[in-house]
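This report refers to the structure that appears directly beneath it.
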Amino acid sequence: MAKALQRLGLFAAKRRVAVIVAWLLILIGVGTAAATLAGPTANSFAIPGTQSSDALETVNEKFPQLAADGATVQVVMTAPAGEAVTDPRAAAAITTAVNELRQIPDIATVTNPLDRQQPVVSQDRTVAVSTVTFNESQGNVEQSSLDRVQQTADSARSAGLDVTIGGNAFQTVPEILGPGEIVGVVIAFVVLMLTYGALAAAGANLLTALIGVGIGAAGITALTGVVDLQSTTPILAVMLGLAVGIDYALFIFARFRSELLDGRSVTESVGRATGTAGSAVVVAGLTVVIALAGLSIVGIPFLAEMGLAAAGTVVIAVLVALTLVPALLSFIGLKVLRKKDRARLAAATARHGKHQAPEAVGGTSTDDADAEMPGRSDASSHHGKHEADPDERGATPARGPGMSDGRGFLRGWANLVTGRRALSVVLGIVTLGVIALPVFGMQTALPDSGTAEPGSGQRQAYDTITEKFGPGLNGPLLLLVEGNNPTANGAAVAQRVQQTPGVVAVTPPQPAADGSATLITVIPATGPHDQATTDLVNTLRDTDFGNGSQVSVTGTTAVGIDVNTTLSDALPKYLTLVVGLALLLLLVVFRSLLVPLTATLGFLLSYGAALGVTTAVFQWGWLADVFGVAQPAPLMSLLPIIVVGILFGLAMDYQVFLVSRIHEAYAHGADPREAVRAGFRRSAPVVVAAATIMAAVFGGFIASNDPMIGSIALALTVGVLADAFIVRMLIIPGLLALLGRSAWWMPRWLDRVLPHVDVEGKAIEDADKAAASPGSAVGVEATTPTGAAKPDTGSATS
């Protein structure tokens with residue numbers, strides 16, 4: 001794979017103008033399609049095949065005038081102090097408002113709260129509620145219709161009523177890119193500047209990521225005109241696409257810089273960077289795509305669309321990194337280096353007529369540049385000997401953003417972790433275990449107006465209804481009666497339901513026009529998110545009403561309960577599937593049984609910590625003001641499974657970047673502990689930079705006006721930081737040091753069966769050596785039948 005990617009990088013460099021123009025044309029074309037085809041997004045989460053979803057379709061078919069899945073508005077009208085809504089003046093204002101609402105073209109039904117047969121008036125007669133149902137679903141209602149609802153409310157206020165408006169019709173679609181996200185991008189740029197020390201490198205890195213995410217976001221926007229997509233789908237895609245786009249380009253930029261500092265030409269450096277770092281990018285991207293595409297297998301349509309859309313942006317990020325990045329690098333050339341490094345290379349060229357290795361000219365060492373990119377394969381390290389430690393050769397050690405050199409923090413940290421390996425592993429596991437404790441109290445549900453920001457019209461209406469009518473009116477249930485003579489049996493069903501514990505009120509049965517079904521509205525005693533409401537739904541579904549009646553429970557609350565249950569049941573299956581596929585991929589990459597298992601253990605710890613912190617903040621309200629959480633509430637139903645899909649792929653990225661350097665050092669003769677130390681020192685800076693950028697991008701979405709986006713962003717931010725700074729820099733190095741040579745063990749039969757994939761650039765190094773020394777056997781590694789390098793007992797070579 002490394003050789004193929006090297007050829008691709010060289011092709012992009014030689015055809016750089018064509019490649020750059022091609023990507024710009026793609027961006028323009030997809031952007032034009034988005035502007036032309038863009039349609040509305042949806043906010044409904046029904047799952048086909050569940051009782052609530054199937055029954056809702058039947059209700060729409062047999063009761064079309066009700067528009068059961070249409071967007072709703074609750075107009076909450078409060079009489080002036082000391083008056084009742086049934087007093088003549090207030091009653092006249094309410095009647096006028098209801099009549100005006102019924103004149104709006106897009107509205108299907110408007111209930112009259114003063115109707116004597118079905119009044120919706122509080123017990124103290126101070127509040128009346130009219131429910132407005134639109135023909136269109138949430139997100140598809142014309143703004144002009146919503147404006148007319150507001151105008152009607154204003155007229156009622158002028159007549160003396162206090163009016164608040166709630167319901168899902170006025171729920172706003174979250175912004176794809178808001179102030180918080182822009183701050184995240186700025187922080188990412190600052191990290192890139194600290195990493196590179198060169199404006200050209202930082203700017204080009206960010207530019208390629210923005211082009212990639214722009215194409216992905218525009219493509220998804222264009223799809224909204226063809227298929228129904230959730231409003232969160234493009235936001236999740238942008239969030240992930242921007243983060244991986246910056247990081248994947250970072251890996252190739254960093255390797256390109258190290259090749260230049262080794263004295264190679266720009267073109268040669270582009271090819272080698274794409275072949276080596278590009279291989280790691282392909283493996284990392286493939287892992288993320290597997291995890292996200294796996295969401296389509298659980299059988300939940302809106303999850304599948306989210307996963308596939310996000311996977312598409314990751315694929316674009318990989319393609320940009322493998323083609324556009326090499327093309328830009330061939331243009332930028334030495335400008336990716338710091339000024340002092342360019343000056344030293346220029347001085348060396350003037351003295352010797354060619355580039356010298358930085359060590360020869362007093363510049364940054366090979367190992368310094370090398371530390372910027374895991375998977376680096378120096379020619380000097382392929383002699384089959386234990387490579388001398390970089391510090392023993394007088395080289396300047398690895399540097400990373402915010403870190404001292406290898407003699408200081410990184411070297412000391414690596415020595416500490418490998419020297420106190422058991423303590424390091426236990427400390428890391430206990431720390432993440434404690435952080436994850438709140439997950440045992442985690443609750444999940446779909447959002448409603450009760451999670452809206454306090455003070456908003458939606459929230460005021462919700463709270464007033466809860467106070468005056470009880471929480472159940474905010475989440476009524478619909479009972480669809482079919483089977484034998486539903487018109488006649490509907491009354492018996494309604495009477496029995498009225499006697500069921502947990503039921504406050506039951507409306508008179510409403511028969512369908514053809515008499516094939518009857519609809520009953522049930523008001524629970526508890527709110528939509530209350531466990532007692534879930535128990536009531538299950539009780540009604542389990543009840544045998546006799547007389548051949550077939551009763552189904554549906555409505556928004558029942559749909560939410562079914563979605564929550566289905567997602568909870570799907571999580572273990574999905575987790576098993578994703579982990580299994582990723583383990584297979586890591587087996588192929590690292591030729592080891594235990595390394596993939598340690599990677600999985602690390603992910604589970606990071607995942608638990610991510611959910612624990614998110615539960616404490618968004619559900620319990622800890623530090624709610626700091627994170628901009630308007631109202632503590634259960635976590636969104638799809639958060640746990642979405643976070644699995646994204647975080648697992650990112651965690652495997654860090655595993656590949658870290659362990660590939662450790663594996664390389666071990667394969668070249670280093671003893672297991674020294675291999676851990678050497679690999680850690682060289683890969684830690686890029687893991688730190690990548691994780692910091694990821695966290696900055698994800699963190700920018702925490703303040704989103706959509707609690708679902710904010711909670712997912714917080715979970716990903718915590719998960720990335722925990723995985724990079726605790727799992728990959730404490731637990732994994734400690735475990736590998738504890739396991740020693742057994743970490744790289746794999747049965748011979750399995751080694752023969754699995755395909756061999758070159759992700760460390762060995763084929764490139766072998767080709768270079770063959771060209772330099774035709775017929776020489778130097779560089780041929782002696783390996784055991786299991787694929788692990790035979791440790792050489794000879795002395796270290798410099």
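Including glycine, each Cβ sits where the backbone N, Cα and C put it.
Residues annotated as domain 'SSD' in TrEMBL: 182-331.
A Cβ distance under 8 Å defines the sequence-distant neighbours of the transmembrane segment (182-199), meaning residues of its chain 6+ beyond its ends; these are 205-206, 242, 246, 250, 253-254, 257, 335-339, 372, 400-402, 685, 689, 692-693, 696-701. Residues annotated as transmembrane segment in TrEMBL: 182-199 (among others).
As annotated by TrEMBL, transmembrane segment applies to 206-227 (among others).
Summarising the annotation, TrEMBL assigns transmembrane segment to 233-256 (among others). Taking Cβ pairs closer than 8 Å, the transmembrane segment (233-256) reaches residues 41, 174, 176-177, 181, 185, 188, 192, 195-196, 201, 204-206, 208-210, 212-213, 216-217, 220-221, 224, 269-270, 272-274, 276-278, 280-281, 284-285, 288, 305-306, 309-310, 312-314, 316-318, 320-321, 325-326, 329, 336, 369, 372-376, 642, 646, 650, 653, 657, 686, 689-690, 693-694, 697-698, 701, 704, 706, 709, 712-713, 716 in its own chain, all 6 or more past its ends.
Per TrEMBL, transmembrane segment is recorded for 277-303 (among others).
Same-chain residues lying 6 or more positions outside the transmembrane segment (309-334) and placing a CB less than 8 Å from one of its CB atoms are 5, 8-10, 12-17, 19-20, 23, 200-201, 204, 207-209, 211-213, 215-217, 219-220, 223, 229, 233-234, 236-238, 240-241, 244-245, 248-249, 251-253, 256, 260, 266-267, 269-271, 273-274, 278, 281-282, 285, 288-289, 292-293, 342, 345, 645-646, 649. Per TrEMBL, transmembrane segment is recorded for 309-334 (among others).
The annotation region 'Disordered' is assigned in TrEMBL to 348-404 (among others).
The annotation compositional bias 'Basic and acidic residues' is assigned in TrEMBL to 373-394.
Per TrEMBL, transmembrane segment is recorded for 422-441 (among others). Beyond the ends of the transmembrane segment (422-441), by six or more residues, the same chain brings 416, 605-606, 608-609, 611-613, 615-616, 619-620, 722, 726-727, 730-731, 733-735, 738 to within a C-beta distance below 8 angstroms of the stretch.
What TrEMBL records for 574-594 (among others) is transmembrane segment. Packing against the transmembrane segment (574-594) from elsewhere in the chain are residues 283, 286-287, 290-291, 294-295, 297-298, 600, 603, 641, 644-645, 648-649, 652, 655-656, 659-660, 663, 739, 742-747, 750-751, 754-757, 759, 786-788: each is 6 or more residues past its ends and has a CB under 8 Å from a CB in it.
Taken from TrEMBL, the feature transmembrane segment applies to 601-623 (among others).
Here TrEMBL flags 635-652 (among others) as transmembrane segment.
For the transmembrane segment (683-703), the list of distant contacts is 178-185, 187-188, 191-192, 194-195, 235, 239, 242-243, 246-247, 250-251, 254, 371-374, 398-403, 410, 413-414, 627-628, 650, 653-654, 657-658, 660-662, 709-710, 712-714, 716-717, 720-721, 723-725, 728-729: same-chain residues at least six beyond its ends, Cβ to Cβ under 8 Å. Annotation comment: TrEMBL describes 683-703 (among others) as transmembrane segment.
Note on the transmembrane segment (709-739): residues 174, 232, 235-236, 239, 413-414, 417-418, 420-425, 427-429, 431-432, 435, 594-595, 598-599, 601-603, 605-607, 609-611, 613-614, 617-618, 627-629, 635-636, 639, 642-643, 646-647, 650-651, 654-655, 658-659, 662, 672-673, 676, 680, 684, 687-688, 690-691, 694-695, 698-703 of its chain, located 6 or more positions outside it, place their CB under 8 angstroms from a CB of the stretch. According to TrEMBL, the feature transmembrane segment maps to 709-739 (among others).
TrEMBL lists 768-798 (among others) with the feature region 'Disordered'.
Distant neighbours of the transmembrane segment (277-303): 1-2, 5-6, 8-9, 45, 47-49, 230, 240, 244, 248, 251-252, 254-256, 310-311, 314-315, 317-318, 321-322, 373-375, 566-567, 570, 573-574, 577-578, 581-582, 585, 589, 638, 641-642, 644-646, 648-650, 652-653, 656-657, 660, 757-761; these residues of the same chain sit at least 6 beyond its ends, with a Cβ under 8 Å from one of its Cβ atoms. The average pLDDT computed over the domain 'SSD' (182-331) stands at 89.
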